Amino acid sequence: MTPLYQLTVAQAREMLARGEISSLELTDALLTRIAAVEPKVRAFLVVDAAGARAQARAADARRAAGDASPLLGIPMGIKDVISTQGLRTTCASKMLENYTPVYDATAVARLKAAGAVILGKLNCDEFAMGSSTENSAFQQTRNPWNLERVPGGSSGGSAAAVAAGEAPAALGTDTGGSIRQPAALCGITGLKPTYGRVSRYGLVAFASSLDQIGPMARTVRDCAIVLRVIAGADPFDATCTDYPAPDYEAALTGDIRGLRIGVPREYFVAGMQPDVEAAVRTAIEVLREQGAEVCEISLPHTPYALPVYYLIAPAEASANLARFDGVRYGLRVPGESYFDELERTRGAGFGPEVRRRIMLGTYALSAGYYDAYYKRAQQVRTLIRRDYQQAFEQVDVIAAPTTPTVAFKIGAHTDDPLAMYLEDVCTLPLNLAGLPGLVVPCGFAEGLPIGLQLIGRAFDEESLLRVGDAYQRVTDWHTRMPEVREDGSA
């Protein structure tokens with residue numbers, strides 16, 4: 001029998017529905033798994049064992065009473081930038097080390113209403129700023145495939161937990177690739193929905209025009225199940241659209257014959273690891289063999305996406321993080337005056353990467369530089385969005401690499417912020433355009449996973465899920481799980 005911690009969401013749902021296992025048994029199995037591997041992987045910042053068991057018992061009682069909610073009794077983890085009532089939400093920052101929200105984010109509330117069991121909060125880069133989870137103020141999450149490598153970021157804890165069998169699914173957030181990049185590096189499936197598909201209410205904001213909550217799991221089907229629960233209009237988020245959430249599972253037909261898939265030449269960047277490019281191109285050929293029509297396309301403004309992103313995102317972050325001043329909540333360091341106290345508090349509360357982005361954003365918004373930097377970046381953002389609009393007049397889905405390399409060693413880019421920023425070169429253009437992106441495992445190099453990225457039209461997650469599911473029906477990359485060893489190897 002498959003160990004319970006290896007079950008996918010869909011498998012667990014079926015076994016729970018048939019009465020073969022209880023939610024409490026499943027939750028206990030995962031808590032046991034967490035206890036066994038967490039000292040090595042370090043994906044969780046908070047494990048709420050007592051709360052999870054109580055929720056599992058409640059789920060079993062609901063099922064006995066005839067409830068058949070879509071996630072009833074399914075344990076999940078939550079990235080620690082998403083508010084959870086009564087459960088510490090730190091954003092992996094000293095600034096919010098002891099902050100406990102008094103309300104749930106809309107996405108979390110919807111998970112709970114659907115019967116999900118919340119196992120705890122998952123590590124991330126501080127305030128979701130980073131690509132390796134090395135910027136967490138509390139601990140370094142490690143890639144379960146090789147404990148000397150990063151899991152990616154900023155949703156590194158979410159990706160590592162799913163890959164290591166500590167949770168069948170988790171919520172992550174994606175501002176410039178923070179669901180897709182760690183999903184690729186940890187060998188799991190991750191979906192960044194269209195901007196506005198999922199409510200951001202209760203998400204601690206990094207860059208408000210870019211942030212999006214999405215599911216991370218082992219299979220496309222699991223992501224479809226979770227997305228249907230968390231998607232939809234929310235009166236608490238004016239940027240959340242009122243488009244009805246379709247039945248995403250119904251889109252998983254396995255048939256992609258005649259679907260037009262474009263391959264953008266600009267995504268195969270200079271310096272890309274040859275094995276990564278080969279794996280992605282092989283995966284695209286698999287889609288061709290399944291009946292898809294594949295052609296090369298151009299997204300000419302893609303090379304400008306990186307500098308545009310690193311003007312717009314820090315500018316929004318500098319405004320959003322101004323609220324953390326030590327006056328109303330969070331860390332407070334006494335000073336001789338209000339301004340001295342503010343300087344001491346923010347200096348002690350924010351890590352170096354957060355401070356760097358605040359300074360960069362403040363500069364971009366300052367008088368005399370606004371037109372030259374921020375305004376011009378927004379103009380180029382429009383051109384990037386237009387590139388995608390024109391491409392989708394020719395194709396239905398775009399297929400591309402997710403990362404230029406496999407997971408790098410912990411500490412490899414610590415002293416080189418630009419090298420770290422380049423890790424997101426294939427993912428952040430989607431955020432600027434507000435489009436959905438799906439990552440599925442498509443191979444290995446150096447014993448480390450590689451991810452294929454699928455990009456769709458706005459609010460057409462169904463096509464992405466259909467293509468990703470079709471790919472997973474004829475490949476087994478997504479079924480492979482790492483064996484976490486003491487020596488840091490896989």
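Every residue gets a Cβ built from N, Cα and C, even glycine.
Listed features, source Swiss-Prot:
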ACT_SITE  Lys79  active site, charge relay system
ACT_SITE  Ser154  active site, charge relay system
ACT_SITE  Ser178  active site, acyl-ester intermediate
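Shown on the structure are the features that Swiss-Prot records.
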{"residue": "Lys79", "record": "active site, charge relay system", "Cβ within 10 Å": "30"}
{"residue": "Ser154", "record": "active site, charge relay system", "Cβ within 10 Å": "34"}
{"residue": "Ser178", "record": "active site, acyl-ester intermediate", "Cβ within 10 Å": "38"}
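On the backbone, the CA of Ser154 (active site, charge relay system) and the CA of Lys79 (active site, charge relay system) stand 9 Å apart. The separation of Lys79 (active site, charge relay system) from the residue listed as 'active site, acyl-ester intermediate', Cα to Cα, is 11 Å.
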